[in-house]
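Read the structure below first, then the notes.
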């Protein structure tokens, strides 16, 4: 029996790796409550497919809509919108895993592919964003598969691989514009290798995929909004050295602590070995992408770096295999055990994980995910409270005109509700005469869900009924009911 199991594992490594991957991503998938940007994207997803907002609704915030549509489709299938969105990222993370396995096998052997895949599964940075309804997992998959098909183009010269390369790049840019970063190393490598035909085929394919996006006027009018995240050409031309140094320092800090120190060191050593031994185009692709993020990013952090670090497991694996058997086992075992311990903490006790990270790095993300207003703590409690109020009669849940938590989250959880109607109630969209009243009559109970008590200028019309604090009580979500007219 043992021999049969061992034989199956040896003969079907990707199947076993896939099982381990899905266990690591699915367990406690919704334990960490909905994050600010998850709420925004999931709300856009529903509105894009189920309301008159239109398929390209997200372009009003300069966000390409492909992943938003996928979120909307999955929200139509799953009862839990948060689970729906996070399942999408789990799937894209799985595509990344398969891509890493195939790349590593192409560059080495099956042992190399297995170890590279295991490292990807257990690294906390990748585990975290594969479990978030954000775009980073999809962008990471874009980078991995772009590199894989680039390898195939260079190895075979087959036109079909150039088409696949253009298709992946087009879909990636249709998901998030940061996928444009991958175009630079791909273009440089293809031109250097004199693959001009394949370059043209790839570009044409990508443009065909992106045509629906380019034909949207709002895409072009909102494009400059991306200057919130990347430097403009004039800003780059003044050589902002202090910003570049800051971005480089941030990249090192994030990589060191979020990949785990041992994996980071092994990754650096493996990168050095690849450059020293002139092993293919892998280090060129990786370093060019990282350099562009550092040079172009206005402000970077774990979220914006993760998609460009997904090749790190291959470098770390190469470093481990460069040692003799005994030290390789010792180093590999220690590094993987450490990563597994940290990722397990993330999965089973996220608050402890973020508190631990906060002690060693300024980029712990603790404020964003645990204690700050962008955190999802207090959201489910608010949803449950309002559902209780709506048991006997329909109610209206209002909130100020804004996006994120709790505003977008209320739409996410109540968009399909028959009992709770989510709407914007704000001094900006109400008749000015109402603002002069001391009370307002309504046929339905009206509740106002506020971010830290901000009632959007309607304070005298509502009275606070409940408050849900986030961990450490630095912020809260409050529920206010409409005052009764005597």
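From the backbone N, Cα and C atoms, a Cβ is placed for every residue, glycine too.
Just so you know, TrEMBL annotations are computer predictions that nobody has curated.
Mean pLDDT, taken over the domain 'Glycosyltransferase RgtA/B/C/D-like' (63-212), works out to 96 on the 0 to 100 scale. For 63-212, the entry in TrEMBL reads domain 'Glycosyltransferase RgtA/B/C/D-like'.
Taken from TrEMBL, the feature transmembrane segment applies to 9-27 (among others). Using a Cβ-Cβ cut-off under 8 Å and counting only residues 6 or more beyond its ends in the same chain, the transmembrane segment (9-27) has close neighbours at 90, 93-94, 97-98, 101, 110, 113-114, 117-118, 121-122, 127, 130-131, 343, 347-348.
Taken from TrEMBL, the feature transmembrane segment covers 67-100 (among others). Through the fold, the transmembrane segment (67-100) approaches residues 14, 17-18, 21-22, 25-26, 29-30, 33-34, 38, 41-42, 44-50, 55, 57-58, 113, 116-117, 120-121, 126, 129-138, 140-141, 144-145, 147-148, 175-176, 310-311, 313-314, 412-413, 415 of its own chain, all at least 6 residues removed from its boundaries and within a Cβ separation under 8 Å.
Here TrEMBL flags 112-129 (among others) as transmembrane segment. Sequence-distant neighbours of the transmembrane segment (112-129) (same chain, 6+ residues past either end, Cβ-Cβ under 8 Å): 13-14, 17, 20-21, 24-25, 89, 93, 96-97, 100-105, 136-137, 140, 254, 258-260, 263, 302-303, 306, 309-310, 312-314, 316-318, 320-321, 332, 336, 339-340, 342-343, 346-347, 353.
For 161-192 (among others), the entry in TrEMBL reads transmembrane segment. For the transmembrane segment (161-192), same-chain residues at least 6 beyond its ends with a Cβ under 8 Å from one of its own Cβ atoms are 62-67, 135, 138-139, 142-143, 145-147, 149-150, 152-154, 198-199, 201-210, 213, 226, 229, 281, 284-285, 288-289, 292-293, 296, 304, 307-308.
Remote same-chain residues near the transmembrane segment (199-219) are listed as 56, 59-60, 64-65, 153, 159, 162-163, 165-167, 169-171, 173-174, 186-187, 190-191 (criterion: CB distance under 8 Å, separation of at least six residues from the stretch ends). The transmembrane segment feature in TrEMBL is assigned to 199-219 (among others).
Annotation source TrEMBL lists transmembrane segment at 225-244 (among others).
What TrEMBL records for 256-273 (among others) is transmembrane segment.
Summarising the annotation, TrEMBL assigns transmembrane segment to 279-297 (among others).
Listed as Cβ neighbours of the transmembrane segment (304-323) (distance under 8 Å, sequence separation of 6 or more from its ends, same chain) are residues 96, 100, 103-104, 107-108, 111-112, 115-117, 119-120, 123, 125-126, 129, 136-137, 139-140, 142-144, 147, 178, 181, 229, 250-251, 254-255, 258-259, 263-264, 266-271, 273-274, 279, 282, 285-286, 289-290, 293, 297, 331-332, 335. According to TrEMBL, the feature transmembrane segment maps to 304-323 (among others).
Look at TrEMBL and you will find 329-354 (among others) tagged as transmembrane segment.
Sequence-distant contacts of the transmembrane segment (329-354) (same chain, at least 6 residues past either end, Cβ-Cβ under 8 Å): 24, 27-28, 31-32, 115, 118-119, 122-124, 127-128, 260-263, 266, 316, 320, 323, 364-366, 369-370, 471. Using DSSP to sort the residues of the domain 'Glycosyltransferase RgtA/B/C/D-like' (63-212) gives these counts of helix, strand and coil: 129 helix, 0 strand, 21 coil.
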